[in-house]
Structures are given as structure tokens and as C-alpha cells.
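Enquirer: One structure, as C-alpha cells, below. Some questions next.
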Amino acid sequence: MKLGLFTLSFLLILNLAMGRFVVEKNNLKVTSPDSIKGIYECAIGNFGVPQYGGTLVGTVVYPKSNQKACKSYSDFDISFKSKPGRLPTFVLIDRGDCYFTLKAWIAQQAGAAAILVADSKAEPLITMDTPEEDKSDADYLQNITIPSALITKTLGDSIKSALSGGDMVNMKLDWTESVPHPDERVEYELWTNSNDECGKKCDTQIEFLKNFKGAAQILEKGGHTQFTPHYITWYCPEAFTLSKQCKSQCINHGRYCAPDPEQDFTKGYDGKDVVVQNLRQACVYRVMNDTGKPWVWWDYVTDFAIRCPMKEKKYTKECADGIIKSLGIDLKKVDKCIGDPEADVENPVLKAEQESQIGKGSRGDVTILPTLVVNNRQYRGKLEKGAVLKAMCSGFQESTEPAICLTEDLETNECLENNGGCWQDKAANITACRDTFRGRLCECPTVQGVKFVGDGYTHCKASGALHCGINNGGCWRESRGGFTYSACVDDHSKDCKCPLGFKGDGVKNCEDVDECKEKTVCQCPECKCKNTWGSYECSCSNGLLYMREHDTCIGSGKVGTTKLSWSFLWILIIGVGVAGLSGYAVYKYRIRSYMDAEIRGIMAQYMPLESQPPNTSGHHMDI
């Protein structure tokens, strides 16, 4: 039975082994010594926590003992912990003799900030993966937090040579471009499985779904992400479709298969049970995605893991249907989507899943469960909420990250220290420093609809029609005795200009102009000038009146002339009024006479009027 299971399983996954696997890479920049300075490619390990979206600078150390890191460094009295003021330590380790993950764990225990595994032979880079469940208890896997990278044998030998020559090797690991970040939305997919009896990997996967659900739903509801779950299936070779093994692991006559959960056909659930539950989860997503609520999928799969485990013999349709109903999902639509697993026909949902397994563009074939793909790049690292969220947040275009990406757990707010080296106006509490997931940006801000312009580092200035509303446009402003003057003008001009009655740069100061002292106003012989803040007062002696527009004093003679002029003006106005009334009276009289004549003419056609003589004319007819 075990041999038959092994043979069939081998045939089922043979097509995947022949698939196109893409090694996810990041850059490694050697900054010293000059002999090996340059940028190199390295492969990201599929464990630990790669610093997606960030960089890590350190000094390389090649231990004199335990160079393959298969034993604890404490046995050799070796520590890689950095001393205060020094760069973190990158440990160079040789490949071979033990698992990659064990090397990383041992180096981390000794204080390493990252490990570089030098390949033992000249070959293309490969992905360092976690060991199979049956080959290692791997209790330490989830505790690995340092990043790891596989480098070529050539680069490894060059680093060793430089270190043996007494050179200090410094380098920078760069993950800023490991995940594409084209726009403000991240598209990601999770290749998962409903099977909960596959050991530690299944336990880790279920734990991740539970922990990540909240963040995933926040991002999806906010329109920040587009999530799609996927499920790996295999087809049974045609020669084996009628075999007992194929019938127990496949549905739809061998088209869609999954391995037996317990690796034993005689007990527990079969592989076909897993395929059906995977299909049900995929259909739940499709139904809810059509209703505009794709995030309900997370509620369903986490509830299913809790309420319908294989260990309690609840991994059934009845248990699943109960959850579907409790979440308000249309059960009929889900059942229609699932179709008949016994029918000799293709299932459109699972057929699409098999086609999606094949890599496109920069994404390789999906061959590992679970697999996370972010912006069409396969994620490498620990399947843990913080690590995955870090990778996803690196997929947003700079300055478009949602708030969840800017928490202290995920990134360091560089604006908190020295304002990130950017411009700021402490009085108005305005800064050009913008915290992003990849680091700070110095960009002049827009505040209350007012755009600031400048380089963002040394200066930013409010501009536009409303710029005076923000810190007075950066211009001078002062109030005294109930009067306020400002050098800011609410138009599209950018310059500060002292108002009339002041002089200065308009930015830091505007000083009152003493018009009296400068003799620019109030200069007539009878004038008496008194300077005020922002203006002046001018009075006249001997009871004269001051005319500001002419800067002169008017005496009594001039007043008499003025009175005469006003008298003439009134006479003229009265004369015009009388002429107007007379004209109106004549007009009314003529109109009335004209109307009387017209009316009399009309009436005369019908009857004799007293003032009209008899009509003596007539018509005669001879008889």
C-alpha cells in the first residue's frame, strides 16, 4: 500500500517537478574593499524574515571554526554580536552537511544579523527552502528572524580572499526592488490548502490565516489590496484513473487530485475529500467576490479550521454548510459552483486553478504549499503576519501606503528624529517630512488646500490665492491698538510686500514709515503733522480744514467761495426742475387736445354734434 501510494504520488507531482521554478533574488552591494566592490545578485531564502522594502548594512565575518554552521557556536566560544557603534555582523557560511534553516538558526543564536551561504559549486543560484516535515522536527523554523541569502561560489571565494588578506568587507543587502511597487494597490494571492493533517506546515498555515485575517480584511475593505486565494491540484495519469489510489485521491474521473492527508488510504479522510473542500473554499470566494465582499472568505476559512477539523471527524459538507449559512453566504450558489465531483466532466473553477499554477512573466510555477505571491512575485520568508505584511507594504507606490503599513512594528518613522532632515515650520506645526514604508520623503506639503513650494529640505513657501491663511504666507504680520497690518497679499503672488505706511523685507519685519519726518505728506504752511503707526494725522491751524486728497488747508475765504458755488448749483438745479415741470404740463395739454379731437371725429360718424352744422347734402333718385 505504501509503495503504491509513493508511486502514484510521484506521478502526480512529476509534472510540477518539470515546471518552471523562478528563484527570487535581491541585490547585494559590496562597498569595500575596492577589489571586490560592486553589485551582485543573491537568492532570497524561503525562511526567516527578509527586509522587504528596506536595506541592511553590515560587516562580513568568516568564522575560523564551524564554517558550515552545523554546530552551536557556543561550543567554539564564538559570538557575532555587534559591539556598540559598530555595524551589524553578516556571517559567511559554507554550504553543506546540514539544512539551510539549521545554519540560519545557529548563526542567529550566536548574534548574527544575517547569513550569507556560499555555494559549494559553480552553478546558477537556487532557493534555500525549509526541510521536509518527515526529515526534521524543525521546532526552530518559526523562530528564525534574520534574513538569509545564497551567493555564488565565485563571490564567496572573493570575500574569503579579501578577509584573509586583512581587508574589511562591508556590504549592503537591498530588498527595495524585490517586490514591484507600481501603484497604490497591491495584488496578492495565497496558494493554500484546507488539509489540517499535514504536520507543522499545516499548523503554521492555519495559524497564519487566523492572525492575518484582521489585517487582510482592513486592507481589502479599504480598497488597498486585491486578494485571490488559490489551490494546487494535480491530475491522475490516464493509465491510473481506474485504480483505487486514483479514485481515493481524485474527483471528476482523475482530473483533480490531492495527496491523502494521512498518507494511508485505509484510514481517515481521502485526498478527494481535500479537493472537494478546497473547491468549496474557492467557490465561497467567487460567490462573495461577485457580491462585492471578497473578505468574507477569511471568515469562512478560519471558522472552518476551528469548527471542522479532521481530528474531530468534522471535515464534512454538513459542517461546512453550517458555516456558510451562519455567514449569510448563498449556499445554492456555492453548491452550483462546486458541481458534481463524480461527473466525468471538467470543473471550470479547478481547471482555472490548474492553469494559474503555471508561471507567467516574472512569476514561476507554483510548486510549494503554501505560496504567497505579491504583485506577481513569489514571497520568500517566514509565513507570519508581520513578515508578510512587510512584504505587502513594500508593494505600494511610495507615499501611497495605508496606515497599517506605517505602524512601529513594521517600519521606523524617520521623521521623528531631527524631522528627517527636512524643512519644517515649528510655529505652524507644518513639515515637509513624509514617512513612507521605504523611508522618509522631503516634499513640500499641501495644507488646508494651500500648496507649499520649495525643495523640501531647506525651504517651503505657501503659494496660491489662499496662502495667507497658512501662517500668514510666511510674511510679516503685527497688531497694535486694534489695528492689524500684514505683508501678505491673498492673490497668486509669492512675494511678501510691506503694506502702505511701512517699509522692510516683508518677511521678518516691516517698520513704520514716519511720513512727518520724511516730509512726504502734510506739508502745507498751515499743516500740522503727527505720525501714527502705519499712517499719519494732519490738522490745520486757525480753524482751517485739511483736504487729504490735495494735502492742503482751506481757509474762510475759500469757504465763502465754496458756499457761493453751492448756491449757484442749487439755483441751476431748481431751474432745471422748473423747466422740466413746465415741459411736462405743455406735453399733457397737447396730448389731451389731440385725444379730444380724435374722439370727436369718431363720434361724428355716428351722430350729429352740437358744434357741427347740419349735413345738407343727400342722394336723389328719379322715379
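Just so you know, glycine gets a Cβ as well, placed from its N, Cα and C.
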Enquirer: Could you let me know which of Asn429, Asn615 shows up in Swiss-Prot as N-linked glycosylation site?
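Expert: Of Asn429, Asn615, Swiss-Prot lists Asn429 as: N-linked glycosylation site.
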Enquirer: Please work out, from what Swiss-Prot records, which of Cys415, Cys444 forms the disulfide with Cys433.
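Expert: Recorded disulfide partner of Cys433 in Swiss-Prot: Cys415.
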Enquirer: Need the cross-check against Swiss-Prot: the disulphide partner of Cys475, picked from Cys460, Cys496, Cys498.
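Expert: It is Cys496, per the disulfide annotation in Swiss-Prot.
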Enquirer: Cys510 pairs with which of Cys498, Cys522, Cys524 in a disulfide, per Swiss-Prot?
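Expert: Matching partner in the record: Cys498.
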Enquirer: For Cys442, what is the disulfide-bonded cysteine listed in Swiss-Prot, choosing from Cys422, Cys444, Cys460?
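Expert: Checking Swiss-Prot: disulfide partner of Cys442 resolves to Cys422.
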Enquirer: Just confirming the record: what cysteine out of Cys460, Cys488 does Swiss-Prot connect to Cys468 via a disulfide?
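Expert: In Swiss-Prot, Cys468 forms its recorded disulfide with Cys488.
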Enquirer: Out of 390-393, 566-569, 594-597, 606-609, let me know the one Swiss-Prot marks motif 'Tyrosine-based internalization motif'.
Expert: 606-609
Enquirer: May I ask for the residues of the chain that lie six or more residues beyond the domain 'EGF-like 3' (512-554) and have a Cβ under 8 Å from a Cβ within it?
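Expert: That would be 480-481, 483, 485, 499, 501-503, 562.
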Enquirer: Please work out the number of neighbouring Cβ atoms within 10 Å of the Cβ of Asn429 (N-linked glycosylation site), leaving out its own Cβ.
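Expert: I count 9 other Cβ atoms within 10 Å of it.
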Enquirer: How would DSSP class Cys415 (disulfide bond) in three states?
Expert: helix
Enquirer: Fewest other C-beta atoms within 10 angstroms of its own C-beta: which of the disulfide-bonded residues Cys433, Cys540 fits that?
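Expert: Lowest Cβ count within 10 Å among the disulfide-bonded residues (Cys433, Cys540) is Cys540.
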Enquirer: Run through the domain 'EGF-like 3' (512-554) and tell me, per DSSP, how many residues are helix, strand and coil.
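Expert: For that range the per-state counts are 4 helix, 19 strand, 20 coil.
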Enquirer: Spatially, and counting Cα to Cα, which of the recorded positions is closest to Cys488 (disulfide bond)? Options: Asn143, Cys442, Cys475.
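Expert: Closest by Cα distance to Cys488 (disulfide bond) among the recorded positions Asn143, Cys442, Cys475: Cys475.
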